[in-house]
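Engineer: Sharing a structure with you now.
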Amino acid sequence: MGNNVVVLGTQWGDEGKGKIVDLLTERAKYVVRYQGGHNAGHTLVINGEKTVLHLIPSGILRENVTSIIGNGVVLSPSALMKEMKELEDRGIPVRERLLLSEACPLILDYHVALDNAREKARGAKAIGTTGRGIGPAYEDKVARRGLRVGDLFDKETFAEKLKEVMEYHNFQLVNYYKVEAVDYQKVLDDTMAVADILTSMVVDVSDLLDQARQRGDFVMFEGAQGTLLDIDHGTYPYVTSSNTTAGGVATGSGLGPRYVDYVLGILKAYSTRVGAGPFPTELFDETGEFLCKQGNEYGATTGRRRRTGWLDTVAVRRAVQLNSLSGFCLTKLDVLDGLKEVKLCVAYRMPDGREVTTTPLAADDWKGVEPIYETMPGWSESTFGVKDRSGLPQAALNYIKRIEELTGVPIDIISTGPDRTETMILRDPFDA
């Protein structure tokens with residue numbers, strides 16, 4: 001039996017993690033975010049009602065679940081307050097269900113200003129960040145000048161630290177990027193206005209998780225973004241600024257690494273990517289447009305159109321290696337309904353003619369990579385909302401089986417629609 005279950009994306013994000021976390025939290029006592037910030041966009045559809053969460057864990061809608069934001073998350077006070085208000089306006093008692101690590105780095109206005117100034121300065125070489133200050137906040141953390149939630153307990157010292165760090169960043173903004181300085185007093189006033197709310201939710205997360213482990217409580221760890229955007233293992237520099245792989249659970253929450261019992265990789269039935277960076281199977285034809293339209297591939301956070309393409313099992317195998325995956329949840333299978341044929345990328349042809357079955361490491365090494373496809377028959381029958389494996393067309397079952405063969409990982413859950421009920425659980429991670 002797995003008490004500590006990790007749910008993470010195996011591609012470039014947007015795989016459908018939020019729905020699956022929400023579904024599986026029916027049995028969980030805690031749901032923990034361990035990396036990223038409000039650059040994530042987790043969409044839940046429950047009884048036809050749509051909820052988009054960016055920072056708060058997806059378990060917040062469950063009455064008997066405690067949601068935790070771990071130390072690996074960079075926390076924007078303004079984004080958190082906005083999200084809390086939206087949920088509280090719908091009658092959800094967020095403050096009774098949400099806890100924070102005091103070690104969460106804060107994202108403040110100057111981080112956002114830096115993020116946007118840098119992207120503008122990069123011009124055609126822009127990374128495609130969400131412009132929410134995520135990267136600069138992580139930079140401050142590593143440089144040991146970042147302000148954290150715990151600093152809000154001493155307001156006088158916080159004001160002094162803020163003044164010092166803002167002098168440093170405003171110098172860059174004005175003299176290097178040639179943009180306006182960020183107003184110190186406004187940042188201080190805005191942060192102080194919510195300081196007591198934030199500190200009232202602080203808890204020792206590592207100790208709480210260890211106590212939960214000793215009691216045998218079920219805990220779900222909710223990943224954001226996707227494996228191929230990992231700061232160390234992704235398509236650098238076109239990556240996010242945190243560790244999106246399973247290793248980030250231990251460092252981003254304080255759970256001992258030996259206590260991770262099951263890692264569920266969320267795998268979209270095709271590939272998508274937002275922003276710049278390598279994408280060997282990207283489609284620029286009517287099939288790519290079909291996938292975008294049928295899959296409603298627009299970012300929950302930015303509204304940007306996602307790039308679309310065939311499923312890349314070479315890249316997914318890298319995710320299997322990096323995360324020691326226990327099983328997959330295959331999402332958006334229904335988007336492929338109606339295609340005469342479906343393709344799986346099984347290898348790459350490098351510019352020198354070599355065929356390889358592993359991904360390059362740096363973004364520059366992906367240049368000129370051509371996908372080698374295996375083509376399979378598609379299916380005309382609808383898989384939307386199918387809740388039993390026997391109800392799937394044979395061609396869809398063949399597609400599923402081939403993914404399992406190419407990756408060496410079983411598909412334990414199949415999602416056939418956005419609602420939590422439109423799901424087949426073949427093996428429950430908490431029972432594995």
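Positions of Cβ are set from backbone N, Cα and C atoms, glycine also.
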Engineer: Can you match one of ARG90, ARG304, ARG317, ARG318 to the IMP site that Swiss-Prot gives for ASP14, GLU15, GLY16, LYS17, ASN39, ALA40, GLY41, HIS42, THR130, ARG144, GLN225, THR240?
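Structural biologist: For the IMP site that includes ASP14, GLU15, GLY16, LYS17, ASN39, ALA40, GLY41, HIS42, THR130, ARG144, GLN225, THR240, Swiss-Prot also lists ARG304.
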Engineer: Whole-number Å distance between the CA of ARG304 (IMP binding site) and the CA of LEU333 (GTP binding site)?
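Structural biologist: So the Cα of LEU333 (GTP binding site) lies 22 Å away from that of ARG304 (IMP binding site).
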Engineer: In terms of DSSP three-state secondary structure, what is the assignment for LYS19 (GTP binding site)?
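Structural biologist: Note: LYS19 (GTP binding site) is helical by DSSP.
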Engineer: Let me spell it out: for each of the binding-site residues (THR130, THR302), count the other Cβ atoms within 10 Å of that residue's Cβ, using every protein chain shown. Which one has the most?
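Structural biologist: Highest number of other Cβ atoms within 10 Å: THR130.
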Engineer: Could you find out if DSSP has LEU333 (GTP binding site) as helix, strand or coil?
Structural biologist: helix
Engineer: Hey, of HIS42, THR43, GLN225, which of those recorded positions are within 10 Å of THR302 (substrate binding site), Cα to Cα?
Structural biologist: none
